[in-house]
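J.: Below are the features listed in Swiss-Prot for this protein:
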type     : residues : note
TRANSMEM : 6-26     : transmembrane segment
TRANSMEM : 29-49    : transmembrane segment
TRANSMEM : 87-107   : transmembrane segment
TRANSMEM : 117-137  : transmembrane segment
TRANSMEM : 162-182  : transmembrane segment
TRANSMEM : 256-276  : transmembrane segment
TRANSMEM : 285-305  : transmembrane segment
TRANSMEM : 325-345  : transmembrane segment
TRANSMEM : 440-460  : transmembrane segment
TRANSMEM : 546-566  : transmembrane segment
TRANSMEM : 574-594  : transmembrane segment
TRANSMEM : 642-662  : transmembrane segment
Amino acid sequence: MQKSLVSLAWVFVAILGAICLGVLALHKGESINTLWLVVASACIYSIGYRFYSHFIAYKVLKLDDSRATPACVRNDGKDFVPTDKAITFGHHFAAIAGAGPLVGPILAAQMGYLPSILWILIGSVLGGCVHDFVVLFASIRRDGKSLGEMIKLEMGQFVGMIASLGILGIMLIIIAILAMVVVKALAHSPWGFFTIAMTIPIAILMGLYMRFFRPHKILEVSVIGFILLIIAIYAGKYVSLDPKLASIFTFEASSLAWMIMGYGFVASILPVWFLLAPRDYLSTFLKIGVIGVLVVAIIFVAPPLQIPKITPFVDGSGPVFAGSVFPFLFITVACGTISGFHALISSGTTPKMLAKESDARLVGYGSMVMESVVALMALVCAGILHPGLYFAINSPEVSIGKDIADAASVISSWGFNISAEEIREMTKNIGESSILSRTGGAPTFAIGLAMIVYHILGDPSVMAFWYHFAILFEALFILTAVDAGTRTARFMIQDLLGNVYKPLGDLSSYKAGIFATLLCVAGWGYFLYQGTIDPKGGIYTLWPLFGVSNQMLAGMALLLVTVVLFKMGRFKGAMISALPAVLILSITFYSGILKVVPKSDNSVLNNVSHVAQMQIIKEKMATTTDEKALKTLQKSFFNHAIDAILCVFFMLVALLVLIVSVRICSNAYFKNKIYPPLAETPYIKAS
């Protein structure tokens, strides 16, 4: 009887989710209540976790709690530590929930809310959550090894080396785009810059406090840090109101790029306890707390989505990012649905913390469910804005101009009527000098959050504080990711350099570490600076490259797991990773090809393609006589050439992994030939 009632309850959940999703898809009015989205997502995620993740865990992967995990076998109290699954879940979620799920859906909102909602809900349950879960499983069974090491073990030395180069390149692109989100949010914002600058001495104070005064008191020091952050936000308001102080803390995007490069270099070579660890503690508590409060606030306020279900920009003519709904929506949403970056975390610190194999279900699948919830919240923050305001914030200067009146006129001509006065009013409410062309997603999310708080409190004067609180919230954990990413990429560079000159691979060598860090910062710093001087705002051209590379990394990780499952003889079960891999790689190969096709009569494709842009720039260079304009064109030509070369390189790496994966799987299925042999660690019974 009880079993029947439970079954009926799940049937009800499924029907309710289908109805709510149907309403979102078929609604024809000007706006729709966000509660439909909240209920639909809750139902779909619940069903996905309860049934699909259970099927994967116990029918395909066959998780075994009697088998000792790497954390138990190699428990050293430092890197390998068996940890409660709730704590591991928090650590893993904090590590994967970077800028991607906030920025991608906000950019994709230019096409309307429906395409993003469908891809986030369906793609995450069947693809992204599976990806994180199965990569974590593979690493647990291989002594907590990294993605590159596992590819080397399961596919061969040569493939592993090439894949490691590709992974490093992708890592540098990821760090650059993360840093760019912060730069775009803080440019010309003395309030924002002052607040973020204050987080450095606050984090150092926390590090010293924990190191010398109150060791291991993480909660205590995080509360102190949070109080100091709130004080810094309030102080930032008065800095922005004082003309002299405001001028001191106001910077151009290009200047901020150099500052973040310097910060990234110094932070990554300092002891972890001094800056990185306290920032991590603070950003983790802040991240989980803000996301939890935002979910409750959205349910309480239930603001209407004002952005249309589908906009005219599905054809790729939109100003926010280049490309049509297929394939570029998929790579733009990126981390909100599936992210190759997560494979680096699922094969990094997390597998060294799991106390039981069954914990991988909650940590791997469950954390990605939470990340896709964050993506939906970001979409809500963009969707509740007046569409004209959304495009005023996210369109590059070259599309709408510098003047508010001109911007309002251009945006209104697109069919999203907005007045200059409405833009000025929002600018005043959030305490900024301008909101035009604040590309990168972070300002949009911050304004959306501030509006939700305003609807609760009913006082527009609170919007400025909450806007800057949201900017702080985003910048804090993005900078933490930049710190950690630079440090991780440094290790990858030293590992590769060690194959050429052994002393450079010595992780204990201070000089080798500094040299590798310089190479790393120069790598991601180039792309960051390129984005800050790009006339289209950087995000317009760089985010698609980030999306392509990130999704290709996810595809390679899924291919690795498919190879592992074929070697284990679980041919039918391997479809859980093989099918998403085929879909993701098909989308990314297609989008990658579109980014290197030559110039044509199709203006949308010309905007997408780096090669087409090179041809267009070359034509302009032939007719330009102004020396300054010519130098700008030459820089732009070179940047597009680098982007095109990287895109081709990433595709070749993914193609190599695909070909080798197909060969290994074919041999396993048709010839029962397992080579290279399965690299799973021997079974050790858990104590």
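Glycine is treated like the rest: Cβ placed from N, Cα and C.
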J.: Under 8 angstroms for C-beta pairs, at least 3 of them, ignoring pairs fewer than 6 apart in sequence. Is the transmembrane segment (574-594) in contact with the transmembrane segment (117-137) by that rule?
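T.: Answer yes, regions in contact.
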J.: Rank 162-182, 285-305, 325-345 by Cβ pairs under 8 Å to the transmembrane segment (440-460) and hand me the top one.
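T.: Counting Cβ pairs under 8 Å, the winner is 285-305.
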J.: At least three Cβ pairs under 8 Å linking the transmembrane segment (325-345) and the transmembrane segment (87-107), pairs spaced 6 or more in sequence?
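T.: Yes, these stretches are in contact.
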J.: How about the transmembrane segment (256-276) and the transmembrane segment (546-566): do they have 3 or more C-beta pairs under 8 A, pairs 6 or more apart in sequence?
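T.: Answer no: the transmembrane segment (256-276) and the transmembrane segment (546-566) share fewer than 3 Cβ pairs below 8 Å.
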J.: With CB pairs under 8 Å as the measure, which of the listed stretches 6-26, 29-49, 87-107, 546-566, 642-662 comes out on top against the transmembrane segment (162-182)?
T.: 546-566
J.: Residue list, the transmembrane segment (642-662) vs rest of chain: Cβ under 8 Å, 6 or more residues beyond ends.
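T.: Contacts with the transmembrane segment (642-662): 151, 155-156, 159, 162-163, 165-166, 169-170, 173, 526, 530, 541-542, 545, 548-549, 552, 555-556, 559-560, 562-563, 585, 588-589, 592-593, 595-596, 610-611, 614.
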